[in-house]
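Trainee: This is the structure, below, for whatever I ask next.
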Amino acid sequence: MMVSAGTLPGRDKTSRVSNATRVGAEPSRTARAVILGVVGVVFAIPIVGMIIFTFRDGLTGTYTLDHWTGLFAPDAARTYRNLFTAIGNSLTLAAVTVAIVLVLLLPTMLLVHLQFPRLRRVLEFICIIPITVPAVVLVVGLAPVYSIVVRTFGGSIWTLAFAYGITVLPFAYRAIQSNLESVDVITLSEAARSLGANWFSVTWRVLLPNLRRGVLAASFISVAVVLGEFTIASLLNRVNLQTALLQVSQSDPYVAVIFSLLALAFAFVLLLLIGRFGSTGRDRSPSA
Amino acid sequence: MTLLSTPTIAPPTGATVELVGVVKDYAGHRALSGIDLTIAPGEFIALLGPSGCGKTTALRALSGLEQVDQGRILIDGENVADVPVNRRDIGMVFQSYSLFPHMTSLENVEFGLRMRKVGAADRKRRAREALEMVGLSEKSAQYAHQLSGGQQQRVALARALVTRPRVLLLDEPLSALDAKVRVQLRDEIRRIQTDLGITTLFVTHDQEEALAVADRVAVMREGRIEQIGSPEELYTAPLTPFVANFVGLSNRIEAELVGGAVVIHGQRIESLGERRADGPVVAFIRPEDVAFAPTGIAAVVVGSTFLGSLRRTQVRLADNSLLMVQHEVGVHPAPGERVAVSFAARPVAVGPRA
Ligand SMILES: Nc1ncnc2c1ncn2[C@@H]1O[C@H](COP(=O)(O)OP(=O)(O)O)[C@@H](O)[C@H]1O
Ligand SMILES: [Mg+2]
């Protein structure tokens, strides 16, 4: 959605012209505002509710800053030790997952696009599969695999990123693929080759700069997905942000909500960044 | 032009290029079936043919972007079969716009020098000179999307030439441009090529373009070279019906072959190409080889087209066949007018009757 924001104005024009004659054309300006408003309210209500909740005093029902200031109390680090560990875990997982996307998925996609175009459909199919498999089902298959993973790599948290690398596949694939399709990478790489570039230079100097938008989007989306992941971590008995939040919420719901809000805000910022990079890319300007 | 006086881009001595029996298959489909072509140093050859005849494949085989299945490719006598694209030392200009979108014109032109590890100062100077050569010095800081199609192809040409490659390959570099820019740029390509003396292979499906720029034109058909020769040779002495049809305009006239000569409506004309058995044939005659005459084959004028410096008139013969006559503008045949035409005594291409 945000990635394609740059092309919307052009689409607007054509739809406005055909509005009168075509059934099922884009909604009018007011209809759009209403839809956006309703959806916005639906999303905003729980978030606003959460924000208000964090300022409530549970017993008296009055408003207080205590729950927020409590986070900076001298003993906070000890009190919320588990939570901070979990945040560290989730950030580690996000980093490793992004690394997997960049080191495995990106080169694979480039290779298939440039050298084995006939495998494109296969790769797409494989990358989209995880979205059709519920996390619970995924875990059933992953549990025995992880008994081996733990034996091989030890039980440290980052190994969970192997599973996350699979769950983010559809999102990361889409982000990179849409960028690949908007750039004539085949001609660009052939031009670079004819000018004396080896494959490393082709990738580093020509392809990656033109795929920056898709690669960033893939990375940020992966981070957002990993920070919000609960099912797999919980069922595999790992501690990440979401499982820790659930745990904390049972003793201190205010802190759980505060951290949920912060995580939401972080993810929101990431998505905004994707939108920004999506529209500041070179391809925003109309081709002359 | 200016380049010749600057020492940094000296005219490279053009390489000899040879394709010997080159065959290329795509999954059971033969794209090239035995291409033999020798290009002399500094020669400008146009590869001409309809879409899908294998022109791009031949060019890509020479560049190394495509591996060949049989045959040899020699540059200056060296077999380059195992030399990858990036070390074949060729310059390429592509059909689609191929400038690196994230680099300015100057950076684009610098790219090949950067790959050859030329120092920054030297690199910049040579890139500037190359841009100057294509008349775009003032666009050096622009990105591709800020340039017109013609300007982009000029930058692409500068980028391909700045490294002084042994061979220049152009794959329909003008096909995306307006007619006017196309003519302008093709003449400029030819002038720069002559100045640099670089061996050049220019692919096009536009016969006018091929005849206008090339030293020699190779006409391709279904993966083979059907005829190769100077533009004049191809035009005046096409050896096959395909060439006669594809290069320039031809009248197709039913005729009889008698003792190696063509008899058309009672007039005897020598035939071109391989000898055929006597019998019914189709002869291919240029409109300028048909003329109005006081006496000759009776015809009725159908219509006339004004083409600036000349006029073409369509006439119908007694057997209902149509014929194009090219003549001077001053003559105004009126539709329905009864005329007589005759053929010039120039040898014509013949083919079997369909
Ligand atoms: N990568 C490819 N895979 C399969 N067939 C191809 C490929 N490239 C070209 N061909 C086929 O080879 C023939 C010659 O193509 P090409 O050299 O591009 O023709 P031209 O440049 O003369 O239009 C065509 O029939 C085309 O369909
Ligand atoms: Mg082609």
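Backbone N, Cα and C define each Cβ position, glycine as well.
In TrEMBL, annotation is done automatically, which means it is predicted and not curated.
So TrEMBL lists the following for this protein:
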DOMAIN    A:87-274  domain 'ABC transmembrane type-1'
REGION    A:1-23  region 'Disordered'
TRANSMEM  A:33-55  transmembrane segment
TRANSMEM  A:91-113  transmembrane segment
TRANSMEM  A:125-149  transmembrane segment
TRANSMEM  A:155-173  transmembrane segment
TRANSMEM  A:215-234  transmembrane segment
TRANSMEM  A:254-274  transmembrane segment
Trainee: What same-chain residues lie close to the transmembrane segment (A:125-149): Cβ under 8 Å, and 6 or more beyond its ends?
Mentor: 105, 159, 162-163, 166-167, 169-170, 173, 229, 231-232, 235-236
Trainee: Sequence gap of 6 or more, Cβ distance under 8 Å, 3 or more pairs: do the transmembrane segment (A:254-274) and the transmembrane segment (A:33-55) meet that?
Mentor: yes
Trainee: Which range out of A:33-55, A:91-113, A:215-234 gives the transmembrane segment (A:155-173) the most CB pairs under 8 Å?
Mentor: A:91-113
